[in-house]
Amino acid sequence: MWWDERVSARFRRNLQPTLTYWSVFFSFGLCIAFLGPTLLDLRCQTQSSLSQITWVFFSQQFCLLLGSCLGGVFKRTLSQSLFALFASSLAISLVFAIIPLCHNVVVLAVVMAVAGLAMGCIDTISNMQLVKIYQKDSAIFLQALHFFVGFGALLSPLIADPFLSDTNCILSNSTANASSNLPHIRKSLVPHHPGNLSHYDLPMKGMVVTRVSYAFWIMALINLPVPIAVFFLLYKERMVPCFNGSSHPLLSADELAMETRPVDKDESSTPGQRPQATGGHDDLFSCCQSRNFRGASYTYFAVHITGALVLFMTDGIVGEYSGFVYSYAVEEPLAVVHKVAGYLPSLFWGFITLGRLISIPVSYRMKPATMVFINVVGVLVTFLLLLIFSSSVVFLFVGTASLGLFLSSTFPSMLAYTEDILQYKGCATTVLVTGAGIGEMVLQLLVGSIIHDRGSYSFLVCGMIFGCLAFTFYAFLVFFHRMYPKPSPELDDASPDKAAVADDTGQYQR
(Lines of atoms letter the chains of each structure in order from A and count residues from 1; the text may use other names and numbers.)
(Lines give C-alpha, C1' and ligand atoms only; values in the text may rest on other atoms or scores of the structure.)
Protein backbone atom coordinates (compact mmCIF):
# COMPACT_ATOMS: atom_id res chain seq x y z
CA MET A 1 0.00 0.00 0.00
CA TRP A 2 1.16 3.57 -0.81
CA TRP A 3 0.68 4.67 2.81
CA ASP A 4 2.59 3.34 5.79
CA GLU A 5 1.42 0.66 8.18
CA ARG A 6 0.65 3.12 11.00
CA VAL A 7 -1.90 5.06 8.93
CA SER A 8 -3.26 1.82 7.52
CA ALA A 9 -3.74 0.45 11.04
CA ARG A 10 -5.58 3.60 12.12
CA PHE A 11 -7.84 3.33 9.09
CA ARG A 12 -8.65 -0.32 9.83
CA ARG A 13 -9.46 0.48 13.47
CA ASN A 14 -11.78 3.30 12.39
CA LEU A 15 -13.08 1.69 9.22
CA GLN A 16 -16.80 1.78 10.00
CA PRO A 17 -17.00 5.41 11.22
CA THR A 18 -14.76 6.59 8.35
CA LEU A 19 -16.87 4.86 5.70
CA THR A 20 -20.00 6.19 7.36
CA TYR A 21 -18.79 9.81 7.23
CA TRP A 22 -17.76 9.34 3.61
CA SER A 23 -21.20 7.96 2.72
CA VAL A 24 -22.92 10.87 4.48
CA PHE A 25 -20.88 13.28 2.38
CA PHE A 26 -22.04 11.40 -0.73
CA SER A 27 -25.56 12.23 0.44
CA PHE A 28 -24.50 15.89 0.70
CA GLY A 29 -23.22 15.86 -2.91
CA LEU A 30 -26.32 14.09 -4.20
CA CYS A 31 -28.49 16.85 -2.76
CA ILE A 32 -26.39 19.86 -3.76
CA ALA A 33 -26.33 19.32 -7.53
CA PHE A 34 -29.81 18.16 -8.58
CA LEU A 35 -31.61 21.50 -8.33
CA GLY A 36 -30.03 23.23 -11.35
CA PRO A 37 -31.04 20.77 -14.11
CA THR A 38 -34.46 19.96 -12.59
CA LEU A 39 -35.54 23.52 -11.80
CA LEU A 40 -37.52 24.05 -15.04
CA ASP A 41 -39.52 20.88 -14.41
CA LEU A 42 -40.08 21.97 -10.82
CA ARG A 43 -41.28 25.33 -12.20
CA CYS A 44 -43.88 23.44 -14.20
CA GLN A 45 -44.83 21.30 -11.21
CA THR A 46 -45.40 24.39 -9.05
CA GLN A 47 -46.74 26.48 -11.99
CA SER A 48 -44.55 29.42 -11.00
CA SER A 49 -42.50 31.97 -12.91
CA LEU A 50 -38.76 31.62 -13.51
CA SER A 51 -37.95 34.46 -11.11
CA GLN A 52 -40.09 32.81 -8.41
CA ILE A 53 -38.66 29.33 -8.77
CA THR A 54 -35.04 30.47 -8.72
CA TRP A 55 -35.56 31.72 -5.15
CA VAL A 56 -35.61 28.03 -4.21
CA PHE A 57 -31.84 28.14 -4.85
CA PHE A 58 -31.49 30.90 -2.30
CA SER A 59 -33.58 29.13 0.38
CA GLN A 60 -31.40 26.02 0.07
CA GLN A 61 -28.06 27.86 0.10
CA PHE A 62 -28.98 30.25 2.90
CA CYS A 63 -30.11 27.40 5.16
CA LEU A 64 -27.02 25.39 4.20
CA LEU A 65 -24.96 28.28 5.54
CA LEU A 66 -27.11 28.43 8.68
CA GLY A 67 -26.76 24.67 9.17
CA SER A 68 -22.98 24.95 8.83
CA CYS A 69 -22.92 27.58 11.59
CA LEU A 70 -25.11 25.48 13.89
CA GLY A 71 -23.52 22.11 13.10
CA GLY A 72 -20.92 22.52 15.83
CA VAL A 73 -23.69 22.48 18.45
CA PHE A 74 -23.88 18.70 18.03
CA LYS A 75 -20.15 18.06 18.46
CA ARG A 76 -20.10 17.91 22.25
CA THR A 77 -20.50 14.12 22.34
CA LEU A 78 -20.19 11.44 19.70
CA SER A 79 -23.80 10.41 20.25
CA GLN A 80 -25.04 13.95 19.50
CA SER A 81 -22.95 14.07 16.34
CA LEU A 82 -24.17 10.69 15.09
CA PHE A 83 -27.82 11.40 15.90
CA ALA A 84 -27.53 14.72 14.03
CA LEU A 85 -26.00 12.93 11.02
CA PHE A 86 -28.70 10.26 11.16
CA ALA A 87 -31.47 12.89 11.23
CA SER A 88 -29.81 14.94 8.48
CA SER A 89 -29.21 12.06 6.07
CA LEU A 90 -32.72 10.72 6.69
CA ALA A 91 -34.12 14.23 6.10
CA ILE A 92 -32.42 14.33 2.69
CA SER A 93 -34.07 11.04 1.66
CA LEU A 94 -37.43 12.39 2.86
CA VAL A 95 -36.86 15.64 0.96
CA PHE A 96 -36.24 13.69 -2.27
CA ALA A 97 -39.46 11.73 -1.66
CA ILE A 98 -41.54 14.83 -0.78
CA ILE A 99 -40.39 17.16 -3.60
CA PRO A 100 -42.72 15.53 -6.21
CA LEU A 101 -45.64 16.29 -3.86
CA CYS A 102 -44.82 20.02 -3.65
CA HIS A 103 -47.19 21.86 -6.00
CA ASN A 104 -46.63 25.29 -4.49
CA VAL A 105 -43.37 27.19 -4.85
CA VAL A 106 -43.42 28.38 -1.20
CA VAL A 107 -43.83 24.80 0.05
CA LEU A 108 -40.98 23.72 -2.24
CA ALA A 109 -38.76 26.52 -0.87
CA VAL A 110 -39.49 25.39 2.71
CA VAL A 111 -38.64 21.77 1.84
CA MET A 112 -35.40 22.86 0.21
CA ALA A 113 -34.61 24.98 3.28
CA VAL A 114 -34.88 21.82 5.41
CA ALA A 115 -32.52 20.08 2.98
CA GLY A 116 -30.10 23.01 3.29
CA LEU A 117 -30.08 22.78 7.09
CA ALA A 118 -29.40 19.04 6.87
CA MET A 119 -26.58 19.58 4.37
CA GLY A 120 -24.99 22.26 6.55
CA CYS A 121 -24.96 19.97 9.59
CA ILE A 122 -23.45 17.16 7.50
CA ASP A 123 -20.74 19.48 6.17
CA THR A 124 -19.56 20.67 9.59
CA ILE A 125 -19.98 17.45 11.60
CA SER A 126 -18.35 15.09 9.07
CA ASN A 127 -15.29 17.32 8.72
CA MET A 128 -15.03 17.72 12.50
CA GLN A 129 -15.30 14.02 13.26
CA LEU A 130 -12.67 12.99 10.72
CA VAL A 131 -10.28 15.63 12.09
CA LYS A 132 -10.92 14.32 15.61
CA ILE A 133 -10.23 10.71 14.63
CA TYR A 134 -7.12 11.18 12.48
CA GLN A 135 -5.73 14.60 13.54
CA LYS A 136 -2.24 14.89 11.97
CA ASP A 137 -3.13 12.11 9.52
CA SER A 138 -6.47 13.69 8.58
CA ALA A 139 -5.43 15.27 5.26
CA ILE A 140 -5.71 12.08 3.21
CA PHE A 141 -9.10 11.17 4.73
CA LEU A 142 -10.46 14.69 4.21
CA GLN A 143 -9.45 14.47 0.54
CA ALA A 144 -11.42 11.22 0.25
CA LEU A 145 -14.36 12.80 2.08
CA HIS A 146 -14.55 15.61 -0.45
CA PHE A 147 -14.20 13.17 -3.33
CA PHE A 148 -17.51 11.63 -2.27
CA VAL A 149 -19.33 14.96 -2.36
CA GLY A 150 -18.01 15.44 -5.91
CA PHE A 151 -19.11 11.93 -6.85
CA GLY A 152 -22.61 12.59 -5.52
CA ALA A 153 -22.74 15.94 -7.33
CA LEU A 154 -21.88 14.18 -10.61
CA LEU A 155 -24.37 11.36 -10.08
CA SER A 156 -27.57 13.31 -9.33
CA PRO A 157 -27.71 15.23 -12.66
CA LEU A 158 -27.09 11.94 -14.49
CA ILE A 159 -30.03 10.36 -12.67
CA ALA A 160 -32.26 13.34 -13.43
CA ASP A 161 -31.32 13.74 -17.11
CA PRO A 162 -33.51 10.93 -18.61
CA PHE A 163 -36.59 12.36 -16.88
CA LEU A 164 -36.15 16.03 -17.85
CA SER A 165 -38.64 17.54 -20.29
CA ASP A 166 -37.35 18.03 -23.84
CA THR A 167 -40.05 20.59 -24.54
CA ASN A 168 -41.90 22.95 -22.23
CA CYS A 169 -43.62 20.90 -19.55
CA ILE A 170 -46.67 23.20 -19.34
CA LEU A 171 -48.76 22.83 -22.49
CA SER A 172 -50.43 26.05 -23.61
CA ASN A 173 -50.87 28.19 -26.71
CA SER A 174 -47.39 29.72 -26.25
CA THR A 175 -45.60 26.40 -25.75
CA ALA A 176 -44.26 26.21 -29.28
CA ASN A 177 -42.57 29.60 -29.06
CA ALA A 178 -41.12 29.02 -25.56
CA SER A 179 -39.82 25.50 -26.21
CA SER A 180 -37.11 26.64 -28.60
CA ASN A 181 -35.47 28.60 -25.76
CA LEU A 182 -35.70 25.76 -23.23
CA PRO A 183 -32.15 24.28 -23.55
CA HIS A 184 -30.59 27.73 -23.24
CA ILE A 185 -32.76 28.65 -20.26
CA ARG A 186 -31.94 25.38 -18.48
CA LYS A 187 -28.19 26.02 -18.81
CA SER A 188 -28.59 29.67 -17.82
CA LEU A 189 -30.22 28.97 -14.46
CA VAL A 190 -27.80 30.43 -11.93
CA PRO A 191 -28.10 29.74 -8.18
CA HIS A 192 -28.53 32.67 -5.79
CA HIS A 193 -29.17 35.15 -8.63
CA PRO A 194 -32.97 35.09 -9.02
CA GLY A 195 -33.27 38.07 -11.38
CA ASN A 196 -31.12 36.77 -14.21
CA LEU A 197 -33.97 35.12 -16.16
CA SER A 198 -36.72 37.69 -15.77
CA HIS A 199 -36.68 38.48 -19.51
CA TYR A 200 -37.82 34.95 -20.48
CA ASP A 201 -41.57 34.43 -20.82
CA LEU A 202 -42.71 30.88 -20.22
CA PRO A 203 -46.34 29.75 -19.75
CA MET A 204 -47.53 29.41 -16.14
CA LYS A 205 -50.96 27.87 -16.74
CA GLY A 206 -51.89 24.76 -18.63
CA MET A 207 -51.51 20.99 -18.53
CA VAL A 208 -48.39 19.87 -16.59
CA VAL A 209 -46.48 17.08 -18.33
CA THR A 210 -43.29 16.16 -16.48
CA ARG A 211 -41.74 12.89 -15.33
CA VAL A 212 -39.14 14.42 -13.01
CA SER A 213 -40.85 12.84 -9.98
CA TYR A 214 -39.27 9.50 -10.90
CA ALA A 215 -35.79 11.03 -10.68
CA PHE A 216 -36.40 12.24 -7.14
CA TRP A 217 -37.82 8.92 -6.00
CA ILE A 218 -34.79 7.11 -7.45
CA MET A 219 -32.46 9.51 -5.59
CA ALA A 220 -34.45 8.94 -2.38
CA LEU A 221 -33.88 5.18 -2.71
CA ILE A 222 -30.18 5.61 -3.56
CA ASN A 223 -29.71 7.81 -0.48
CA LEU A 224 -31.65 5.54 1.89
CA PRO A 225 -28.65 3.28 2.75
CA VAL A 226 -26.83 6.34 4.17
CA PRO A 227 -29.05 6.88 7.26
CA ILE A 228 -29.10 3.10 7.69
CA ALA A 229 -25.28 3.11 7.80
CA VAL A 230 -25.33 5.88 10.43
CA PHE A 231 -27.88 3.89 12.46
CA PHE A 232 -25.62 0.82 12.40
CA LEU A 233 -22.73 2.96 13.67
CA LEU A 234 -24.98 4.20 16.49
CA TYR A 235 -25.89 0.60 17.25
CA LYS A 236 -22.25 -0.50 17.28
CA GLU A 237 -21.39 2.30 19.70
CA ARG A 238 -24.29 1.26 22.02
CA MET A 239 -26.01 4.62 21.53
CA VAL A 240 -29.44 3.41 20.40
CA PRO A 241 -31.60 3.66 23.56
CA CYS A 242 -33.64 0.50 23.01
CA PHE A 243 -30.49 -1.53 22.26
CA ASN A 244 -28.22 0.07 24.83
CA GLY A 245 -26.33 -2.56 26.80
CA SER A 246 -24.36 -2.15 29.98
CA SER A 247 -21.07 -3.20 28.43
CA HIS A 248 -19.10 -1.52 25.67
CA PRO A 249 -18.01 -3.38 22.54
CA LEU A 250 -14.94 -5.54 22.96
CA LEU A 251 -11.73 -4.40 21.33
CA SER A 252 -10.87 -5.99 18.02
CA ALA A 253 -7.55 -7.76 17.57
CA ASP A 254 -6.10 -4.69 15.83
CA GLU A 255 -7.26 -2.39 18.64
CA LEU A 256 -5.89 -4.75 21.29
CA ALA A 257 -2.52 -4.80 19.53
CA MET A 258 -2.53 -1.00 19.39
CA GLU A 259 -3.41 -0.76 23.09
CA THR A 260 -0.59 -3.07 24.12
CA ARG A 261 2.15 -1.85 21.75
CA PRO A 262 4.78 0.59 23.03
CA VAL A 263 3.96 4.17 22.08
CA ASP A 264 6.34 6.90 21.12
CA LYS A 265 6.82 9.86 23.36
CA ASP A 266 4.94 12.19 21.05
CA GLU A 267 2.05 9.74 20.73
CA SER A 268 1.47 9.25 24.44
CA SER A 269 -1.05 11.26 26.37
CA THR A 270 -2.16 11.22 29.95
CA PRO A 271 -5.80 10.73 30.89
CA GLY A 272 -5.98 14.38 31.85
CA GLN A 273 -4.77 15.47 28.44
CA ARG A 274 -7.07 13.40 26.26
CA PRO A 275 -10.21 15.46 26.66
CA GLN A 276 -8.31 18.46 25.33
CA ALA A 277 -7.36 16.62 22.17
CA THR A 278 -10.90 16.78 20.91
CA GLY A 279 -11.94 20.01 22.57
CA GLY A 280 -12.39 23.34 20.99
CA HIS A 281 -14.55 22.45 17.96
CA ASP A 282 -17.65 24.44 18.83
CA ASP A 283 -20.48 25.95 16.86
CA LEU A 284 -19.88 29.44 15.48
CA PHE A 285 -21.74 31.15 18.33
CA SER A 286 -19.85 29.27 21.04
CA CYS A 287 -16.61 30.17 19.30
CA CYS A 288 -17.41 33.84 19.81
CA GLN A 289 -17.73 33.56 23.57
CA SER A 290 -15.18 35.54 25.56
CA ARG A 291 -13.94 32.49 27.46
CA ASN A 292 -12.41 31.21 24.21
CA PHE A 293 -10.42 34.42 23.79
CA ARG A 294 -8.83 34.43 27.23
CA GLY A 295 -5.05 34.38 26.90
CA ALA A 296 -5.12 34.09 23.10
CA SER A 297 -2.52 35.85 20.99
CA TYR A 298 -3.42 37.89 17.91
CA THR A 299 -2.03 35.12 15.69
CA TYR A 300 -4.68 32.75 17.06
CA PHE A 301 -7.41 34.96 15.56
CA ALA A 302 -5.35 35.74 12.45
CA VAL A 303 -5.00 32.05 11.54
CA HIS A 304 -8.78 31.54 11.81
CA ILE A 305 -9.57 34.66 9.79
CA THR A 306 -7.02 34.24 6.99
CA GLY A 307 -7.85 30.54 6.59
CA ALA A 308 -11.56 31.39 6.28
CA LEU A 309 -10.80 34.17 3.77
CA VAL A 310 -8.81 31.83 1.53
CA LEU A 311 -11.79 29.47 1.39
CA PHE A 312 -14.18 32.42 1.03
CA MET A 313 -12.37 33.22 -2.23
CA THR A 314 -11.72 29.70 -3.56
CA ASP A 315 -15.19 28.30 -2.82
CA GLY A 316 -16.62 31.55 -4.18
CA ILE A 317 -14.71 30.91 -7.40
CA VAL A 318 -16.19 27.40 -7.59
CA GLY A 319 -19.69 28.84 -7.24
CA GLU A 320 -19.31 31.73 -9.66
CA TYR A 321 -17.41 29.76 -12.32
CA SER A 322 -19.81 26.80 -12.37
CA GLY A 323 -22.75 29.21 -12.37
CA PHE A 324 -21.65 31.60 -15.11
CA VAL A 325 -19.22 29.77 -17.43
CA TYR A 326 -22.09 28.68 -19.68
CA SER A 327 -23.49 32.21 -19.95
CA TYR A 328 -19.97 33.54 -20.64
CA ALA A 329 -19.36 30.96 -23.39
CA VAL A 330 -22.55 31.63 -25.36
CA GLU A 331 -22.00 35.41 -25.41
CA GLU A 332 -19.67 37.33 -27.73
CA PRO A 333 -16.80 37.06 -28.59
CA LEU A 334 -16.82 33.26 -28.14
CA ALA A 335 -20.46 32.65 -29.18
CA VAL A 336 -20.26 28.91 -28.49
CA VAL A 337 -23.37 27.00 -29.54
CA HIS A 338 -25.65 26.20 -26.63
CA LYS A 339 -25.24 22.42 -26.81
CA VAL A 340 -21.42 22.61 -26.75
CA ALA A 341 -21.38 25.26 -24.02
CA GLY A 342 -23.57 22.98 -21.90
CA TYR A 343 -20.61 20.62 -21.48
CA LEU A 344 -18.53 23.27 -19.67
CA PRO A 345 -20.18 23.01 -16.19
CA SER A 346 -20.06 19.20 -16.44
CA LEU A 347 -16.38 19.35 -17.45
CA PHE A 348 -15.65 21.65 -14.52
CA TRP A 349 -17.32 19.40 -11.94
CA GLY A 350 -15.90 16.29 -13.56
CA PHE A 351 -12.33 17.53 -13.14
CA ILE A 352 -13.08 18.67 -9.58
CA THR A 353 -14.09 15.08 -8.81
CA LEU A 354 -11.08 13.69 -10.68
CA GLY A 355 -8.77 16.08 -8.84
CA ARG A 356 -10.15 14.98 -5.49
CA LEU A 357 -9.55 11.36 -6.41
CA ILE A 358 -5.96 12.13 -7.45
CA SER A 359 -5.42 14.15 -4.26
CA ILE A 360 -6.07 11.14 -2.01
CA PRO A 361 -2.65 9.50 -2.63
CA VAL A 362 -0.93 12.84 -3.30
CA SER A 363 -1.96 14.26 0.09
CA TYR A 364 -0.11 11.43 1.86
CA ARG A 365 3.19 12.41 0.22
CA MET A 366 2.73 16.17 0.22
CA LYS A 367 2.11 18.58 3.09
CA PRO A 368 -1.27 20.38 3.15
CA ALA A 369 0.48 23.78 3.05
CA THR A 370 2.27 22.81 -0.16
CA MET A 371 -0.95 21.56 -1.74
CA VAL A 372 -2.77 24.80 -0.92
CA PHE A 373 0.11 26.81 -2.40
CA ILE A 374 -0.03 24.79 -5.64
CA ASN A 375 -3.81 25.18 -5.73
CA VAL A 376 -3.96 28.97 -5.33
CA VAL A 377 -1.03 29.55 -7.73
CA GLY A 378 -2.64 27.21 -10.26
CA VAL A 379 -5.96 29.06 -10.02
CA LEU A 380 -4.18 32.39 -10.49
CA VAL A 381 -2.17 31.22 -13.51
CA THR A 382 -5.24 29.58 -15.10
CA PHE A 383 -7.30 32.76 -14.89
CA LEU A 384 -4.38 34.76 -16.28
CA LEU A 385 -4.14 32.44 -19.29
CA LEU A 386 -7.93 32.50 -19.74
CA LEU A 387 -7.72 36.30 -19.95
CA ILE A 388 -4.82 36.19 -22.42
CA PHE A 389 -6.55 33.61 -24.66
CA SER A 390 -10.07 34.93 -24.06
CA SER A 391 -11.00 34.50 -27.75
CA SER A 392 -10.05 30.80 -27.87
CA VAL A 393 -12.86 28.29 -27.39
CA VAL A 394 -10.37 25.42 -27.12
CA PHE A 395 -8.47 27.09 -24.29
CA LEU A 396 -11.76 27.84 -22.50
CA PHE A 397 -12.31 24.09 -22.26
CA VAL A 398 -8.68 23.47 -21.27
CA GLY A 399 -8.80 26.26 -18.69
CA THR A 400 -12.10 24.95 -17.26
CA ALA A 401 -10.56 21.50 -16.74
CA SER A 402 -7.39 23.04 -15.23
CA LEU A 403 -9.38 25.24 -12.88
CA GLY A 404 -11.40 22.24 -11.69
CA LEU A 405 -8.21 20.31 -10.92
CA PHE A 406 -6.60 23.15 -8.95
CA LEU A 407 -9.74 23.98 -6.97
CA SER A 408 -10.57 20.35 -6.19
CA SER A 409 -8.39 19.81 -3.12
CA THR A 410 -8.25 23.36 -1.77
CA PHE A 411 -10.89 22.96 0.95
CA PRO A 412 -9.67 19.70 2.56
CA SER A 413 -6.02 20.79 2.30
CA MET A 414 -6.74 24.17 3.89
CA LEU A 415 -8.77 22.53 6.65
CA ALA A 416 -5.97 20.05 7.44
CA TYR A 417 -3.34 22.83 7.33
CA THR A 418 -5.23 25.24 9.59
CA GLU A 419 -6.19 22.59 12.13
CA ASP A 420 -2.56 21.48 12.25
CA ILE A 421 -1.37 25.06 12.92
CA LEU A 422 -3.84 25.37 15.80
CA GLN A 423 -2.94 21.91 17.15
CA TYR A 424 -6.60 20.86 16.76
CA LYS A 425 -7.75 23.57 19.15
CA GLY A 426 -9.91 26.60 18.46
CA CYS A 427 -12.80 26.63 16.02
CA ALA A 428 -11.03 26.18 12.71
CA THR A 429 -13.44 23.65 11.17
CA THR A 430 -16.56 25.66 11.99
CA VAL A 431 -15.03 28.98 10.91
CA LEU A 432 -13.64 27.58 7.66
CA VAL A 433 -16.85 25.78 6.68
CA THR A 434 -18.85 28.94 7.40
CA GLY A 435 -16.42 31.16 5.48
CA ALA A 436 -16.54 28.84 2.46
CA GLY A 437 -20.35 28.81 2.48
CA ILE A 438 -20.59 32.59 2.71
CA GLY A 439 -18.09 33.00 -0.12
CA GLU A 440 -19.96 30.65 -2.43
CA MET A 441 -23.20 32.56 -1.92
CA VAL A 442 -21.89 36.15 -1.82
CA LEU A 443 -19.43 36.00 -4.72
CA GLN A 444 -22.00 34.44 -7.02
CA LEU A 445 -24.44 37.25 -6.30
CA LEU A 446 -21.67 39.81 -6.78
CA VAL A 447 -20.44 38.38 -10.08
CA GLY A 448 -23.99 38.07 -11.41
CA SER A 449 -24.57 41.78 -10.77
CA ILE A 450 -21.23 42.78 -12.31
CA ILE A 451 -21.83 40.70 -15.45
CA HIS A 452 -25.27 42.29 -15.81
CA ASP A 453 -23.74 45.79 -15.64
CA ARG A 454 -20.33 45.33 -17.30
CA GLY A 455 -20.72 42.46 -19.73
CA SER A 456 -19.51 38.86 -19.97
CA TYR A 457 -15.76 39.68 -20.08
CA SER A 458 -15.93 40.85 -16.46
CA PHE A 459 -16.56 37.18 -15.53
CA LEU A 460 -12.87 36.33 -16.06
CA VAL A 461 -11.68 39.63 -14.56
CA CYS A 462 -13.61 38.86 -11.36
CA GLY A 463 -12.08 35.37 -11.24
CA MET A 464 -8.60 36.83 -11.61
CA ILE A 465 -9.22 39.31 -8.78
CA PHE A 466 -10.58 36.59 -6.50
CA GLY A 467 -7.56 34.39 -7.33
CA CYS A 468 -5.17 37.24 -6.42
CA LEU A 469 -6.99 37.79 -3.14
CA ALA A 470 -6.88 34.05 -2.33
CA PHE A 471 -3.10 34.02 -2.91
CA THR A 472 -2.68 37.17 -0.78
CA PHE A 473 -4.67 35.72 2.12
CA TYR A 474 -2.70 32.48 1.86
CA ALA A 475 0.57 34.45 2.10
CA PHE A 476 -0.75 36.13 5.26
CA LEU A 477 -1.73 32.72 6.66
CA VAL A 478 1.82 31.40 6.13
CA PHE A 479 3.19 34.53 7.82
CA PHE A 480 0.91 34.09 10.85
CA HIS A 481 1.80 30.39 10.94
CA ARG A 482 5.45 31.35 11.42
CA MET A 483 4.45 33.83 14.13
CA TYR A 484 2.12 31.40 15.91
CA PRO A 485 3.55 30.32 19.30
CA LYS A 486 4.92 26.79 19.47
CA PRO A 487 3.42 24.31 21.94
CA SER A 488 4.73 25.00 25.42
CA PRO A 489 4.02 23.13 28.66
CA GLU A 490 4.09 26.44 30.54
CA LEU A 491 0.98 27.69 28.76
CA ASP A 492 -2.16 27.67 30.81
CA ASP A 493 -4.54 24.81 30.12
CA ALA A 494 -7.43 27.17 29.49
CA SER A 495 -5.57 29.12 26.86
CA PRO A 496 -6.61 28.56 23.25
CA ASP A 497 -2.95 28.73 22.33
CA LYS A 498 -2.11 25.65 24.34
CA ALA A 499 -1.49 22.82 21.94
CA ALA A 500 -3.40 19.67 22.59
CA VAL A 501 -1.38 16.50 22.78
CA ALA A 502 -2.61 14.38 19.93
CA ASP A 503 -4.26 11.17 20.95
CA ASP A 504 -2.41 9.16 18.36
CA THR A 505 -3.64 5.81 19.55
CA GLY A 506 -6.28 6.15 16.88
CA GLN A 507 -9.11 5.19 19.20
CA TYR A 508 -12.58 6.32 18.21
CA GLN A 509 -13.45 8.94 20.85
CA ARG A 510 -16.82 8.51 22.46
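A Cβ is built for glycine as well, from the same backbone N, Cα and C atoms used for every other residue.
In TrEMBL this protein carries:
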type	residues	note
TRANSMEM	21-40	transmembrane segment
TRANSMEM	52-74	transmembrane segment
TRANSMEM	81-99	transmembrane segment
TRANSMEM	105-126	transmembrane segment
TRANSMEM	138-159	transmembrane segment
TRANSMEM	214-235	transmembrane segment
REGION	261-281	region 'Disordered'
TRANSMEM	298-318	transmembrane segment
TRANSMEM	340-358	transmembrane segment
TRANSMEM	370-389	transmembrane segment
TRANSMEM	395-417	transmembrane segment
TRANSMEM	429-451	transmembrane segment
TRANSMEM	457-480	transmembrane segment
REGION	489-510	region 'Disordered'
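In this chain, the transmembrane segment (429-451) touches the transmembrane segment (52-74); three or more CB pairs sit within less than 8 A of each other, excluding pairs fewer than 6 residues apart. The transmembrane segment (457-480) makes no contact with the transmembrane segment (214-235): fewer than 3 of their CB pairs lie within 8 A, with pairs spaced 6 or more apart in sequence. No contact links the transmembrane segment (81-99) to the transmembrane segment (370-389), because fewer than 3 Cβ pairs that are 6 or more residues apart lie under 8 A. Outside the transmembrane segment (395-417) by six or more residues, the chain places 127, 131, 138-139, 142-143, 145-146, 150, 307, 310-311, 314-315, 317-318, 321, 325, 329, 334, 336, 343-344, 347-356, 358-359, 362-363, 367-369, 371-372, 374-376, 378-379, 382-383, 385-386, 389, 428-429, 432, 436, 477 with a CB less than 8 A from a CB of the stretch.
Counted over residue pairs 6 or more apart, the CB atoms of the transmembrane segment (105-126) and the transmembrane segment (340-358) come under 8 Å in fewer than three pairs, which marks the two as apart. Contact between the transmembrane segment (298-318) and the transmembrane segment (21-40) is absent: fewer than three CB pairs lie under 8 Å, with pairs separated by 6 or more positions in sequence. For the transmembrane segment (429-451), the list of distant contacts is 61-62, 64-65, 68-69, 71-72, 120, 123-124, 127-128, 131, 190-193, 196, 281-284, 287, 304-305, 307-309, 311-320, 323-324, 327-328, 411, 414-415, 418-419, 458-459, 462, 466: same-chain residues at least six beyond its ends, Cβ to Cβ under 8 Å. Long-range contacts of the transmembrane segment (370-389) within the same chain: residues 139, 310, 314, 317, 359, 362-363, 395-396, 399, 402-403, 405-407, 409-410, 413-414, 417, 460-461, 463-464, 467-468, 470-471, 474, each at least 6 residues beyond the stretch ends and with a Cβ under 8 Å from a Cβ of the stretch.
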